[in-house]
Amino acid sequence: MDVPRNENSSDFPIRCFSCGAVIGHLYDEYKQKLSEGKSPKEALDELGIERYCCRRMFITHKSVIKELSRFHGAVG
């Protein structure tokens, strides 16, 4: 079953792994601010992300959906 996905945020966590704060809805806006030339610090400050654990979620996120999709159906 093919599920339509937003390529920008489809694999970004909905909640922070450490504190559980809901952050997933902010990822697209974060990426937009970066594309406008803002630094990660400026973007996160403007979004109101203050906790270090939540900031880490944005700064260290690496999308691997395309790489993993090559193996869809290969196991089994």
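Glycine is no exception: its Cβ is also placed from the backbone N, Cα and C atoms.
Marked as Zn(2+) binding site by Swiss-Prot: Cys16, Cys19, Cys53, Cys54. Cys16 (Zn(2+) binding site): 19 other CB atoms within 10 A of its CB, across all protein chains. In the three-state DSSP scheme, Cys16 (Zn(2+) binding site) falls into the coil class.
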| request: Write out, in the order they occur in the sequence, the residues of the chain not among Cys16, Cys19, Cys53, Cys54 that have a C-beta within 8 Å of the mean position of the C-beta atoms of the recorded Zn(2+) site. | output: Phe17, Ser18, Gly20, Ala21, Ile23, Arg51, Tyr52, Arg55, Arg56, Met57
| said: I want to check the contact list for Cys53 (Zn(2+) binding site): same chain, sequence separation of six or more, C-beta distance under 8 angstroms. What comes out? | reply: Cys16, Phe17, Ser18, Cys19
| said: For the binding-site residues listed here (Cys19, Cys54), tell me which residue's CB has the most neighbouring CB atoms inside 10 Å. | reply: Cys54
